[in-house]
Amino acid sequence: MSLIDMSLIDETRRSGRETHRPRPTEDGARPAWSRLVGSRGVRVAFLCVLTVAAVGLYFVRLRSVDLDALTGLGLISVLPVPTLLGLGLLTVGYIGTLSLRRPCVWLLCAQLVLLVMMLHGITMLLESEPRFAISWVHAGFVEFVDRTGTTAPGLDARWSWPGFFGLAAFVLGSGELAALHTVLFVTPVVHNLLYLVALGLLLSTLRMSWQAKWLAALFFCLLNWIGQDYFAPQGWTLLLYLLFVGLLVMWFRTPHGTSEELPRSLRRPVRLWRWFGGNPSRGELPPRKAASSERIVVLAVVVGLFATATVSHQLTPFAMIVSVAGLVVARRCALTGLPVLLVVIVLAWISYMTHEYWGGNLGEVMSGVGNVGGTVSSNIADRASLGAAEHLWVVRARVVAALLVFLIAGVGLLRRRRRGIEDRVLLVLLVAPASLALMQSYGGEMALRIYLFALAPASALAALALFPRPASRPPLLARCIAGVCALVMMFSFFVTRYGNEAFERIPEGAVSAVGTVYEQTSGRVKFLYVTAVPELGSTPFMPLGYRDVERVHWTNTMAPIDPADLTGVVQSLRDQGPGGYLITTRSQEAFVTFGQGYPIGWGEQFRHALADTPGVRVVVENPDASIYALDRPPGDEAEPFVPPPTGLQVWRTPWTPVGVAFLVMLLGILGVREAWRIRLGPHEQKRLRALTFAAVPLLIGFVLVVLERFVLLTS
């Protein structure tokens, strides 16, 4: 746990010894009772007992939770009071451990791990199946890779970025649901624990007291309510992103005393900023001394992390690029040519390996570029205007929580600035992800992804808003305020994180129902489900596609406001032809009710009406799911299943081979250029000009080939 061990710097140790020396009594000795009560051992023992009591209180009535009674407020509507009190007690105990004069690392680690498991792993204790329907689809992707040894880019856009699925199939060694079931369950907890380790890399480079660093870790745990830590490429690549920026700041931040002359466009606002706060000192510790060979190895690791993210996820590589570019512009990263190298890598992958995606969707991909207003509308306004009253409270709570986090982070920047400390690294990492809004709405989730990438620096700055001094024990008032803030975050976590649990959970009966259809069919299966907004095309809240994903297709139709009016639904089912099934589950019905504003009880009435409809037969029925099909004449069979084309194919244009040659030479020159930069001193950078001049024509040629491919392959 050395990366999370946020130990005090020498100044902090000296301050702790000098400032917090026990006060003697008049006769020069402390009373025995005072020594006993005030001793560190007794305080640590008390905090341990408090921690054990909190865990016991958490579990005492947890098994009595009735998930079928969930309302539009989500999990908090059914959680027993002792469970919430146990979490609150553990949070108070954590703040109490921060109040010790010296860090008790093992206790802080234990409390933080318990908080992660109790907050992010509570659904493992309450639910019989992994939550999030999309994680079941990803399980199907892994099963396909394991079974066929390849991918199918024509089936889904995510197949053009198969790195995560291929790695999962390789590591697990099996794509069977039995092998994946436990993995789907524990992934959120494992991801969040690994996020904290990566966060420790970043925090270890900053001038913060040990209390502020551990408080930042707590805030990160409590504020990570986005729900992208499940079995998915985004959760995996967020870990890569945190490691990426942590290694950059740890190993490649510019040394103190290096010229910090900024680009001309930034000089005026910087002068204004310095007029406001004077000439500040850096918010980062001096970089550690290391041999050039060590730093070159770390550079290779950094580029490897980026390459892994590039083949695994559409968005994360761009977050990495804007972050490192921001650090370079802010004079906090010595690898000034690294952004160019990373842009070349991501352009190469998109141009050569993802044609199946952009070749047929270029208009959709480019339509949202630069449309920030549309992104805001689809990410916030549309979400805040649809659903039942209780569900709208959840949406508003998420918006308010996100805004407050950034507001408190801004307060942290200002408080540090008033003390003569400039946290330029944290500011860049906080602001840089916002530029992703210029790309597109990302299916209405871009605001959530921006929050996710900015959460680590925001958590650190929020902690600095309360504990801004880098080398002194925070006062009692600040610690009390930190405890109140942590409790508010903890209780709001169950609204912001689990507010959609009524429809995000996957009931056991739904898995059983879908499995029955799998067992009864061998050809193409077409599932039809109902929703209030069919044009959104969102993934249904059902465990579809967890095996044989290539032969399973799903589409939606309008959910009738009157559940007895099934004319449109039956016609849509008839349009599916043989092999078509209408599926409705408790989760999807809850989404239509709470998430889309249909009346309570709509789902039950809808099922009864379907069961009584002439010509519609019940295939599977249980309390959690029902599947229906049309009565068809004998011999009316489903169309034979034709396996889809598999494997990533590189479509050629006249200049494609030349572009590959340009790419290989360009990557070599840019990589050598950055490695050589590491070996040169600050005043020897002019020796890189020869490599720069060699790279420029190759870069121009490569970009022209990329443009040629986009033009010819989309025309």
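Using the three backbone atoms N, Cα and C, a Cβ is placed for every residue, glycine included.
Because TrEMBL annotations are produced automatically, they should be read as predictions rather than curated entries.
Taken from TrEMBL as is:
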TRANSMEM  41-60  transmembrane segment
TRANSMEM  72-92  transmembrane segment
TRANSMEM  164-186  transmembrane segment
TRANSMEM  238-254  transmembrane segment
TRANSMEM  296-321  transmembrane segment
TRANSMEM  333-352  transmembrane segment
TRANSMEM  393-413  transmembrane segment
TRANSMEM  425-442  transmembrane segment
TRANSMEM  448-467  transmembrane segment
TRANSMEM  476-495  transmembrane segment
TRANSMEM  655-676  transmembrane segment
TRANSMEM  688-707  transmembrane segment
* Asked: Is it true that the transmembrane segment (72-92) and the transmembrane segment (164-186) have 3 or more Cβ pairs under 8 Å, skipping pairs fewer than 6 apart in sequence?
  -> no
* Is the transmembrane segment (448-467) in contact with the transmembrane segment (238-254), using three or more Cβ pairs under 8 angstroms as the rule and ignoring pairs under 6 apart in sequence? -> yes
* Given the transmembrane segment (333-352), which of the listed stretches 41-60, 393-413, 425-442, 448-467, 655-676 has the most Cβ pairs that are under 8 Å apart from it? -> 655-676
* Any contact, the transmembrane segment (296-321) to the transmembrane segment (476-495), with at least 3 Cβ pairs under 8 A -> no
* Structure fact -> Given the transmembrane segment (164-186), its same-chain partners at Cβ distance under 8 Å and 6+ residues beyond its ends are 121, 124, 130, 135-136, 138-139, 141-147, 151, 158, 230-233, 236-237, 312-313, 546-547
